[in-house]
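What TrEMBL records for B:Cys279, B:Cys359, B:Cys376, B:Cys416 is [4Fe-4S] cluster binding site. If you look up TrEMBL, you'll see B:460-471 marked as compositional bias 'Polar residues'. Annotation comment: TrEMBL describes B:472-484 as compositional bias 'Low complexity'. Residues or ranges marked as compositional bias 'Acidic residues' by TrEMBL: B:486-500. What TrEMBL lists as domain 'DNA primase large subunit C-terminal' is B:270-440. Annotated region 'Disordered' per TrEMBL: B:452-500, in sequence order.
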Amino acid sequence: WAVTRGMEKGYFARREFSFTLRDDIYVRYQSFERPQDLEKELQKACPYKVDIGAVYSHRPSQHNTLRSGAFQAQEKELVFDVDMTDYDDVRGCCSSAEICSKCWTLMTIAIRILDRALVEDLGVQHRLWVYSGRRGVHCWVCDDTVRKWSSSLRSSIVDYLSLVKGGADTVKKVHLSDPVHPFISKSLRLVEEYFEQYALLGQDILGCRESWDKVLALVPDRPPLREQLQQDFPRKRDSVQRWARLKALSSSSSKKLPSYTEQEIMLQFCFPRLDGNVSKGLNHLLKSPFSVHPKTGRISVPIDIQRLEQFDPFAVPTISSLCRELDEANDEDKDKENEEDPESRRRVRDYKRTSLAPYVRVFECFVEDMERARRGELLRRSDLQGDF
Amino acid sequence: MVLKIVENLGVKYLKGTDEYKSKLEHELRKLKFPYKALAEDDYDARRKDHISHFILRLAYCQSEDLRRWFIQQEMDLFRYRFNELSDPLVQQFLEYVNLLYEPISKDVKKRLKDELFMSTPGLSAEKVEEQSFYKIPLQDAQDLIRVRRVLLNYGFALVPHQDMVVIILNNYRTKLSKALAVAAVIGKLHRTGRRDVCGGVPTWLRKHWSKAQAHGGDLSVLSLTARSLPAVQSDERLQPLLNHLSHSYIGPDYSAQKNTGKISLEQIDALSVKSYPICMRQLHKALRENHHLRHGGRMQYGLFLKGIGLTLEQALEFWRSEFIRGKIDADKFDKGYAYSIRHNYGKEGKRTDYTPFSCMKIILSNPPSQGDYHGCPFRHSDPELLKQKLQSYKISSTGISQILELVKGMHYQLACQKYFELTHDVDDIGFPLNHPNQYFVESQKLLSGGRELKKEMSHPGSSQLKPTSQESINSSSATTTSNNEADTELEGLDEYFAED
C-alpha cells in the first residue's frame with residue numbers, strides 16, 4: 001500500500017493505525033506485523049473510520065511497555081488538510097459541513113495553489129490529493145525525504161503557505177507588504193483565473209448591500225475611498241462592474257503608498273486555508289484514502305490533478321452505490337463465478353466492475369510513479385480498503 | 001558570566017540595535033572576553049574561550065531548563081560575534097566549520113533575478129546583482145521560510161550572503177542542542193550505573209580529558225564533550241565544580257557573619273512586607289499562618305534569615321515560637337527541628353557554614369510540590385495565581401503585565417527585578433538581581449537612604465572557583481563524598497519529620 005510500501009524491514013510494523021469504532025470509540029496505536037494482519041483486523045473490527053498515523057521508533061502496539069520518551073514518531077508523510085468549514089465567512093452559498101458545486105471551486109483553487117508551491121517551491125514529487133469524503137481535501141506528500149522532515153520544518157512550511165490569518169475577531173485577514181513574495185504573486189495569478197467566475201458571478205460577493213459591506217470592511221478606511229465606493233456601488237449594475245470600480249479607485253487613490261487592497265480581498269476570499277495542526281505534528285492522524293466517510297458514505301477518493309476541473313464531489317461513489325453495483329455485477333456473471341478464487345484476486349476484480357475503478361487507477365498511477373522513483377523494491381499488491 | 005550579561009542586555013535593549021551592540025561590547029571588554037578573537041588572532045584568549053565554553057556545556061547539559069537557557073544565550077552571543085566579523089573572515093569561518101553551500105550560477109541568478117528581488121525584503125536590485133546567493137537545503141533555512149523571506153526554488157532556499165547568519169545560527173543551534181542532549185543522556189546512563197552502555201569509554205577518555213586539560217584544551221578532544229561526560233562525572237575533581245557552575249551564581253555569597261545581630265525578631269514581620277523578595281515573603285506568610293514549613297521551605301527561608309543577620313539563638317527562638325503554636329510541642333522541636341537549624345549554622349554534623357540559596361539554585365533545583373511554599377514564585381506558580389498574588393501585593397496592572405511578560409519569556413530573575421523596581425519605586429536598579437539576600441540588602445539600602453548596610457555590598461567577589469560545594473546539597477547528582485554526607489544527613493532528618 002502506497003503509504004507504507006517498499007520500505008526497509010519493520011517499517012510497516014511501526015506504523016500507527018487507529019480505528020474509530022461504533023459510538024465514537026477511538027482506538028489509537030494499532031499496529032500490524034504485515035499488511036495481511038491489518039486486513040484481518042479490519043474485517044474483524046469493522047471500524048467506522050481508519051486513520052493513518054506516523055511511523056514510530058517502536059511498534060505502536062507496544063507503546064505502553066516502553067519508557068516514556070523512548071517511543072517517538074520518526075517519519076510521516078507531510079499531509080495537508082483543507083476544510084470548507086474554514087471558509088464560512090467568505091462563502092455565501094453554504095455553511096459548515098455543506099458544500100455545493102459553487103463553493104467547490106475554492107477547493108480547486110486551493111489544490112492548484114498548493115500543488116504549484118509543493119512542486120516548484122518545495123521540490124516535492126509525490127503528492128496524492130484525496131477528497132475527504134465530505135467537505136474538504138487532503139494531500140499526502142510521500143517523498144522519502146519529506147517523510148523525514150522534522151516537525152519544526154513542517155511548521156515553517158505551513159507558515160510559508162498560510163496567508164489568511166485571524167479568527168472571527170479579525171475582519172481583515174490578509175495583509176500584504178512590499179515586496180510581494182513570488183509565492184504570493186504566483187498564487188494570485190491562479191486566483192485571478194477564477195475570481196470573476198467564482199466570486200463575482202458565482203458567489204456574487206458584491207451583489208447586495210449586505211454582502212458588499214463585508215467587502216468594503218476590508219478596504220482601508222482612508223477617505224475618500226470607502227465612502228466613494230459606498231456611494232458608487234448602488235449605481236452599478238452587478239458585482240463585476242462594482243469590482244471594476246473598486247479596482248480603479250483603490251489603485252488610483254494611492255499614488256505613493258503601494259496598496260494591495262484588491263489583491264488582499266481576492267486572497268481573503270479565495271486563498272487556501274490550511275488546518276495547520278494536521279501538517280505540523282508528526283503524530284497527527286489523518287483519514288486513510290479510500291475509506292468511507294462515516295457521515296456521507298462517500299468514498300475518500302484520490303483526485304486526478306490533471307483533470308482537476310472536472311472533479312465533482314457529488315459524483316463520487318458512496319458505499320451504498322458501490323454495494324448496489326457489486327450486487328448487480330455479481331448477478332450478471334454469477335455463472336462465471338464458480339472457480340475458487342483466492343480472496344485477493346476476487347477483490348481486484350470486484351472494484352474494477354464498479355464506478356470506483358477510475359479513482360483506483362489514479363491511485364495506482366501515483367503508486368507506480370513512486371515505485372519508479374524507488375528502484376529495486378518489492379511490488380506489493382495495492383490494498384483496497386473499500387470493504388467496510 | 002558573559003552569558004548572564006548577554007541575557008540581561010538582550011532583555012533590556014532591542015537585540016541588534018546600536019545601543020545593544022555598544023553596551024554589549026563595553027561589557028565584554030570589561031570582562032576581557034575575547035569577543036574579537038578570530039579577528040585579533042589572540043591564541044591564548046581563544047583557548048580560554050574554548051575551554052570555558054566546553055566546560056559550560058558539561059555543566060549546562062544536565063536539565064532541560066539549563067539547556068534552553070544556555071543555548072539561548074550562546075545564540076545571542078554568537079550572533080553578535082558573527083556580525084562583527086568582516087567579509088573575508090566570514091568566508092574563512094564558513095570554510096572552517098564546513099558549511100560551504102553552493103552558490104547559484106550566474107545564469108540561474110539572471111533568470112531568477114526578479115523573484116530573488118521580490119523575496120528578500122531590504123535588498124535592493126543592485127544588491128541582488130552584487131551578492132552571491134547560496135543553495136540551502138530547506139531544513140537549514142527554516143527561520144527564513146517561516147517568515148517568507150527567502151525564495152524557494154524546487155526544494156532549495158536561495159539565501160543571499162547577508163542572510164547567511166540566520167542559516168549558520170540555525171545550524172549552530174541544532175548542533176549545540178544535539179550535543180547537549182547526548183551529553184545529558186550519557187550522563188544519566190552513567191549515573192544510573194550503566195557504564196556498559198558507554199562501552200568502556202570512561203577510562204581512556206578520562207586520560208584524554210586530563211591530557212586536554214594539561215594541554216590547555218586541545219579542541220579535537222574537547223569537542224567530544226558529550227562522550228567525555230561519563231569520564232568527567234567520575235572525576236571527583238570536576239563534578240562539584242560543574243554542579244556548582246550551573247546552579248550557582250557569581251557574586252557575594254551572603255554568608256552571615258558580616259551582619260549578624262542587626263535584626264530583631266520583632267522587625268521581621270514588617271521587613272517581610274517591605275524588603276523581602278516574593279519567594280521569602282510567601283514562605284514567611286505560610287509559616288505565620290500554618291505555624292509550620294516543610295523541609296524545602298525551612299532550608300530556603302532559614303538560610304535566608306541567617307543571611308539577613310539572624311543569629312543562631314534568634315533563629316532557634318523564631319522557629320520554636322512559631323512551631324509550638326502549631327502541632328509541635330517544645331520538646332519535639334528541640335529534639336528534631338533545632339538540630340537542623342543548628343546544622344544550617346554549622347553547629348552540627350559536618351559543621352559547614354551553609355550559605356543562603358541563590359536565585360539560580362531556587363529556580364533550578366528542588367521544585368516545590370504539594371504543601372511546599374518554597375521555590376521561586378515566578379518560576380513555580382501558574383501565571384494566573386502569580387497575577388492574583390501580585391494584585392494582592394498592590395502592584396499596578398501595567399506592572400503585573402510587564403512581570404507576566406518576563407515570566408512568559410522565562411526571565412524569572414528579571415521578573416523579580418521588575419517587582420523590586422515597582423515596589424521600591426525606582427526606574428532601574430542598575431544591577432542584575434540574582435540572590436534573595438541581595439534583594440533584601442538592596443531594598444534596605446534604598447529604604448534607609450543607603451546608610452547602614454552599604455559596607456556589605458562593597459566586595460563583588462570573584463568567587464567562581466571557590467569550592468562552596470555545600471551549595472549543591474540538593475543537586476540531584478552530587479557524587480562527591482562530602483556532599484553525600486550532607487545529603488544523607490538531611491534526608492535522614494526529613495524522614496524523621498515525615499509524619500508531620
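Cβ atoms here come from the backbone N, Cα and C positions, even for glycine.
On the structure: features taken from TrEMBL.
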{"residue": "B:Cys279", "record": "[4Fe-4S] cluster binding site", "Cβ neighbours (10 Å)": "27"}
{"residue": "B:Cys359", "record": "[4Fe-4S] cluster binding site", "Cβ neighbours (10 Å)": "24"}
{"residue": "B:Cys376", "record": "[4Fe-4S] cluster binding site", "Cβ neighbours (10 Å)": "26"}
{"residue": "B:Cys416", "record": "[4Fe-4S] cluster binding site", "Cβ neighbours (10 Å)": "26"}
Shell of the [4Fe-4S] cluster site beyond B:Cys279, B:Cys359, B:Cys376, B:Cys416, same chain only (C-beta within 8 angstroms of their C-beta centre): B:Pro277, B:Ile278, B:Ile362, B:Ile363, B:Pro377, B:Phe378, B:Arg379, B:Tyr412, B:Gln413, B:Pro436
The domain 'DNA primase large subunit C-terminal' (B:270-440) [mean pLDDT, rounded to integer]: 83
B:Cys359 ([4Fe-4S] cluster binding site) in three-state DSSP notation: helix
